Each structure stands twice: as structure tokens, then as C-alpha cells.
Amino acid sequence: MLSAQDLFITFNPGTPIETRALRGMSLEIPAGQFVTVIGSNGAGKSTFLNAISGDLGVDTGRIAIDGLDVTRRPVWERAERVARVFQDPMAGTCEDLTIEENMALAQQRGTRRGLRGAVKQAERAMFRERLATLGLGLENRLTDRIGLLSGGQRQAVSLLMAALQPSRILLLDEHTAALDPRTADFVLQLTARIVAENQLTTMMVTHSMRQALDVGQRTVMLHQGQVVLDVSGEERQRMDVPDLLQMFEKVRGEKLADDALLLG
Amino acid sequence: MSLFSLLGAVEIGLIFSLVALGVYISFRLLRFPDLTVDGSFPLGGAVCAILISTGTNPWLATLAATAAGAVAGLVTGWLNVKLKIMDLLASILMMIALYSINLRVMGGPNVPLINDPTLFTLLQPPGLDDYWARPLILLVVVIAAKLLLDWFFATERGLAIRSTGSNARMARAQGINTGAMVLLGMAISNALVGLAGALFAQTQGGSDISMGIGTIVIGLAAVIVGESILPSRRIVYATLAVIVGAIVYRFFIAAALNSDFIGLKAQDLNLVTALLVTVALVIPQLKRKLASRKA
């Protein structure tokens, strides 16, 4: 369960390049809900996500995850509650480490790291089992460096890693944007499956209106650092991409100039 | 080259393999360009020599030198992590500070250990010449250090340090306090260097303020030579590689300095080292160029 209240973030305040990225952003996500977040470039999607993960500190406002106020806590102290997949496939894994070492890192997310062996025999079998579900043959490559894998393969492993430990919220940051269309589709299907299987509370940022409506149960649109549209249930089921676009224009009272939203 | 100078080369090579292991941890695992070693090596020597010469047990003195090295590494890490000073600059600051600290510790530019007991005189097996005994004792120390590091970097905590160097953002997202891991890694790295300094002082008959000059380049040279002999990213092989690299490097230096026809003298050591490291750094680039021309 996530609760973000009245978040403000301003980059470079008081300078000519001042950017007001979040301007009173508020969002509540109940446990088990899968929310997609959409918006044009500069709408504040990534800033919002980084504020929740702790990569960015907020100027004012309050962030609570499952009732615990984490507003002033660093990333690593939130990790017990927050799982994350990055946009850049290189960012979510350690390329110098093997597949099993990367998975072991994720297996220990939110636990105390002591002097026990990092990769345990029993866990190795479980890793192999999980990797086999991807159908990519990675279950036989546990001791390969993860840097040898393709972007799509690394993103798929990142998703598995995010689900190894329980989390109160899973953050997906345009995690299919850097992949080719076929691989992106595969990773999206995998996302839907893993989220459903583990009943994960999820927030997925995306550039694509199509994706935003196809997966999850609720769609939120951001503009200028605020929520401008929030649809779910039947209303959302009846919607198609042109409707979404129209609603956006109506809400903002202006023509949308960003083709990226349409083309994505 | 005589047997005597060969064993001498192995002896110094083994001592510097401890430096190389430390440099491997900072430069390769943490990706922290750490020049502290030019100060923590003589710091280890200074602490050890002054303690032994004032009557402390050599074991205790060596342990204290190792701890002093760890503290030096901690301070460099702290300058970087907490005070946000650029890594390279933080280590240079610490290196310069240690020059004064080392003079203070020794109370002068050097502390001789002539008739004092050392680890090596204590462990000297009867009937074995000391120029055989010293490399053998060092070999045991180096193997123990290697096995300890291999074990540690395969633990949960060790893996956390490796992930911090490889991808700090990802490490934090997995709940790792990366700042603390940098401090821990730097402490371990410089503890090894401090230990090497202590052993160096005990084999060379004392500690000297100038014994640290170029330590980092020798350590890096050993790492680079080792990696080109035995290229592997697996810790078990990588630690072996840097040890082999340190000994091979020292062997080449001894050969160069002992060949009368080249005309090199002991004072040319740092120049030869710099040249060797330059060559070792350029060779991979040339290899790549040649490979791309073929393709």
C-alpha cells in the first residue's frame, strides 16, 4: 500500500533553469492494485517514481509505504518494502557478477547481510526453477556473467529478482522502453504474470497509452507534476487510446503536442 | 641472476602481492582509485618498526600496523562518502597527511631494526638459511590472505561490497548501504597494505619514510600483469592472478636491475616500473586495434 501526499520537488530552485517537477502530487494505491502511470515528457513520472524509491528527496510532502512514513529514509532503508525494475536493462543488474550472484543479491533484499555464503545450495535450485519459467534457457547458465546476456534477458531476470522477496510496492520505470517491440511484449507479458502470481502492489510508468490501458487495473495520467486523470473499473475498460487522448486534452484545455504518447 | 637475488625477488614479490590484493580490492572491486597506499604502506612499516624497537612483541606490532592501515583506509573512505570529496582527491589528501603522520610515528625519517626480534626471527626454523625461511613464511601469509579474501567475497557481506563497486544504484535498491560498504572495502584494502608495510620493514632491517614512494604503481603493475597472465573475473582466479602478477613483476625488475649490460641501477626502479605499467596498459589497446583491423 502506497500513500503519497502533496509532494513538491523543484530542481535548481532560484536559477534560470528552475524546474518544478512535482507540484502537489498525491496518489493512494491500495494493496494488490496494479496502477499504470502515463504522461508526456517532463510530466514528472520518473521524478515521482524516484521520490517513492528514495533516489530523490522531496522538498515537502509525505510518503508512506504500508503505513510507515519513509519520507526521510534513504533508498537502502526502503528496499525491504520497495522492489524496482529500471528502464535501462544495465541498471538493474551487476554486469560483473554472475546470474546466480545477482539473484542472491535480490534474494537478500531487506535482510541483514552477514558472513554466510551468498549463494546457498537450496536457493540455487530455486533460482534454476524460476529461470526455467522464462523459457530462455538461462537455468543452465547460473554461473555466467550477467553482462553476457541481452537487454531483454537481463530485464526478464530483473523482474524475477524483484519478486524473490516480498515487497509492499513494485516500481516499474518504463522497463520495456529500451527493448525491441517483440522483447518488450515478452517482458510485458512476464510482468503481468509475475504481478498476478504474487499479487504485487505495482506502479508501472510507461510511455505508451496502449500499454497503460492494456495492463493493470487503474490508469493515472500526470501533467506538470500533478495527477490530472485517474480512471479505473468499467470506465477504464470502455476506454481506448483516442478516448484517453481526448480526456487528456479536455482536462488540460490544450492540444497535446507530444507524439510520443501516440506512437509508443 | 644468482639464487640469492632470485629468492630476494620472490620475497619482495610476495610482500607486494599483499599490496596488489589491496589494490585489486580498491581499484577493481570498488572501482575506487585509491592512492592512500603510498601512505599506508610506510604507515604499516612505521608503526611496526617503532613498536618492535620499543620492545613490543613482533606479532602484536604487525597486528597494530595492519589496524593502522585499516584506519587510514577508513579515513579516505570517509572523506569520500561523508564529505563528498572526489575519490582520487580524497586518497591524495590522505596520502599527503600520512607523510607527516609517518614522520611523527617514527619520530624521525627512519627506524632501524638491526638486532631486534622480528616475525621472521621468531618463526625461523632451525637449520634453514634465513633467505629461504623468509620467502617460505611470506608464502604462508600470502596464501592465508588469499583464502580469507576468497571466502569473504563469496559471503553475503562480500557480495554486497562487490555489487557496490559494480552498480551502486542497483545495490542501494537491494537494500545495501553502499557508503558503509565503501568504508569497509577501503579498510580491508589498506589493512592488507599496512600488513605488507610491516612485513617489508621486518625483512629490510627497518622502516624509512621514503619506502612508500611508488607503492601504488607497483601494486597496480602487479594487478595489470596478473590480469594479462590469467584473465578472469572470478574472485578465486583474480586473487591468484594478482599474486602471480606481483611475483612475476618483481622477477622482471630484478632481472633488469641485475643485468649489467643494460646498465640500470637501483635508483632506476620507479622509472622501470612506470615504463612497464605504460606498456601493460597500451598492449590491450594495440591488441584491440589489431583485432578490429583483421575483422
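FYI, residue positions are counted from 1 along the chain as it appears here.
The backbone N, Cα and C atoms fix where each Cβ goes, glycine too.
According to TrEMBL:
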| type | residues | note |
| --- | --- | --- |
| TRANSMEM | B:6-27 | transmembrane segment |
| TRANSMEM | B:59-81 | transmembrane segment |
| TRANSMEM | B:88-111 | transmembrane segment |
| TRANSMEM | B:131-154 | transmembrane segment |
| TRANSMEM | B:175-197 | transmembrane segment |
| TRANSMEM | B:209-230 | transmembrane segment |
| TRANSMEM | B:237-257 | transmembrane segment |
| TRANSMEM | B:269-286 | transmembrane segment |
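In terms of C-beta pairs under 8 Å, the stretch of B:88-111, B:209-230, B:237-257 lying closest in packing to the transmembrane segment (B:175-197) is B:209-230. Counted over residue pairs separated by six or more positions, the transmembrane segment (B:269-286) shares fewer than 3 Cβ pairs under 8 angstroms with the transmembrane segment (B:88-111), which leaves the two as not touching. Remark: the transmembrane segment (B:88-111) makes no contact with the transmembrane segment (B:131-154), by the rule of 3 or more CB pairs under 8 A.
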